[in-house]
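Trainee: One structure is given below, represented as structure tokens, and several questions about it will come after.
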Amino acid sequence: MLFPTYQRYDIRAARGEGAWLWDEAGRCWLDFTSGLAVCNLGHCHPRVTEAVQRQLETLWHVSNLFHIPLQEEVASVLTEASGLGAVFFCNSGAEANEAAIKLARKAARERREIERPKIITFEGSFHGRTLATLTATGQEKVKKGFAPLPEGFVTVPFGDLEAVKRAADDHAAAVMMELVQGEGGVRPADPAFVAELSRFCKEREILFIVDEVQTGMGRTGSLFAFERYGVTPDVVTLAKGLGNGIPVGAMMARPDLALVFGPGSHASTFGGNPVAMAAARAVLREIRRPELLENVRVQGERLLASLRDHLKGHPSVKEVRGLGLMVGIELAEEAAPVIRRARERGLLVLPAGPRVVRLLPPLIVTEEMVDRAVEILSDSVEALGVAGR
Ligand code: PMP
């Protein structure tokens, strides 16, 4: 048997193409989950498939004791696009954040002589399930049962600069945040808060780490969400959409920080594997196309505006919010019945906490698909009202 770690939908997934997913019996759904912000280019994108197939016939894996030209190539695309100079490749979001935490601690110790470095994170955040990343995560349910947890983390309310300042004593090494909290309920950070936080971190030499595992790779309408916020982080983490489903993660940092890690400081057997790099190279080529990012902004705005319009004044709807194609509907009650009803009507969406319906359509989504999804969701929310009366 499998560990019962997931509360699964009643669908036996068999095949995917673009925004569509089929089960074993041939039933088809419009997929507004993108495998949880992973298949951003849609399922089985032909040019990514072709790139991976070609690589499978060339070289699957060598150890990181070899130079792997594809790693250098993908790193140069990422550094050119991000303005950050150095990249470490790994295989998941948690692993990328773990690398960022280790880098921040080592940098604080070596450059600022901080003996007990502290990392400040936010309530509602999600950074992963390894011991350090779940400790960084600002959700109690993720930590429950796993004590003793690593030391050196403090969590403050999301958006509260004064709380950051109070927490930022002489031991503060880094602030780590998502610009739009994903698992925490699709909550975009206030741009003024982000700008002030970034300035404060610079003044105090505290590293500003942005977790773009969910917001990155075009999801918010630019390759990285930090571009939309007009800030330059010191460290950025990526995973999910970077391989469109082939496992690959990355930690990017300011070039001077690269020298904090030397041979033996950190490693990952599979990190930067040629097959993963071939996927990432193909994905980056597609996502950086201006028409695609334009589509994210246009369809994202259409989705948000249309949902707001259809759900306006509904007693069960508290707020519709989002950035790009990362959209949440916060309800005054459980989201599960709405998600279930949408699924029965042919649309796949996700929860983000108990009361938020989360939409993560692929970036290739069309106007017709957006309109169809809004119609199904309006109907699903409406049914909730009827059932509750
Ligand atoms: N950070 C964020 C913002 C995430 O949304 C997630 C996964 N939902 C992670 C980190 C962890 O990624 P992974 O599951 O690949 O370890």
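Indices start at 1 and increase along the chain as displayed.
For all residues, glycine too, the Cβ spot is worked out from N, Cα and C.
Copying in the features that TrEMBL gives for the protein in this structure:
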{"type": "BINDING", "residues": "Gly93, Ala94, Phe126, Asp211, Glu212, Val213, Gln214, Thr269", "note": "pyridoxal 5'-phosphate binding site"}
{"type": "BINDING", "residues": "Arg129, Ser268", "note": "N(2)-acetyl-L-ornithine binding site"}
{"type": "MOD_RES", "residues": "Lys240", "note": "N6-(pyridoxal phosphate)lysine"}
Trainee: By a simple count, how many Cβ atoms lie within 10 Å of the Cβ of Gly93 (pyridoxal 5'-phosphate binding site), its own Cβ left out?
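Mentor: Taking every protein chain into account, the count is 27.
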Trainee: Please report the distance from the Cα of Thr269 (pyridoxal 5'-phosphate binding site) to the Cα of Lys240 (N6-(pyridoxal phosphate)lysine), rounded to the nearest angstrom.
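Mentor: Between the alpha carbons of Thr269 (pyridoxal 5'-phosphate binding site) and Lys240 (N6-(pyridoxal phosphate)lysine) there are 19 Å.
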Trainee: May I ask you to report the DSSP-based helix, strand or coil state of Asp211 (pyridoxal 5'-phosphate binding site)?
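Mentor: Looking at the DSSP assignment, Asp211 (pyridoxal 5'-phosphate binding site) belongs to a strand.
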Trainee: Which ones are near Glu212 (pyridoxal 5'-phosphate binding site): of the recorded positions Arg129, Lys240, Ser268, which have a Cα within 10 Å?
Mentor: Lys240
Trainee: Binding-site residues Gly93, Phe126, Arg129, Asp211, Gln214, Ser268: which have a Cα within 10 Å of Lys240 (N6-(pyridoxal phosphate)lysine)?
Mentor: Gly93, Gln214
Trainee: Could you check the recorded positions Arg129, Lys240 and say which one's CB has the fewest neighbouring CB atoms inside 10 Å?
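Mentor: If we count Cβ atoms within 10 Å for the recorded positions Arg129, Lys240, the smallest count is at Arg129.
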Trainee: Could you check which of the binding-site residues Gly93, Ala94, Phe126, Asp211, Glu212, Thr269 have their CB within less than 6 A of ligand 1?
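Mentor: Listed by sequence, the hits are Gly93, Ala94, Phe126, Asp211.
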Trainee: DSSP on Arg129 (N(2)-acetyl-L-ornithine binding site), three-state: which is it?
Mentor: coil
Trainee: Going by C-alpha positions, which of the binding-site residues (Gly93, Asp211, Gln214) is nearest Ser268 (N(2)-acetyl-L-ornithine binding site)?
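Mentor: Checking each of Gly93, Asp211, Gln214 against Ser268 (N(2)-acetyl-L-ornithine binding site), the shortest Cα distance is to Gly93.
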Trainee: If the pyridoxal 5'-phosphate binders are Gly93, Ala94, Phe126, Asp211, Glu212, Val213, Gln214, Thr269 per the record, what's the largest distance between their Cα atoms, in Å?
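Mentor: Binding-site diameter by Cα atoms for pyridoxal 5'-phosphate: 25 Å.
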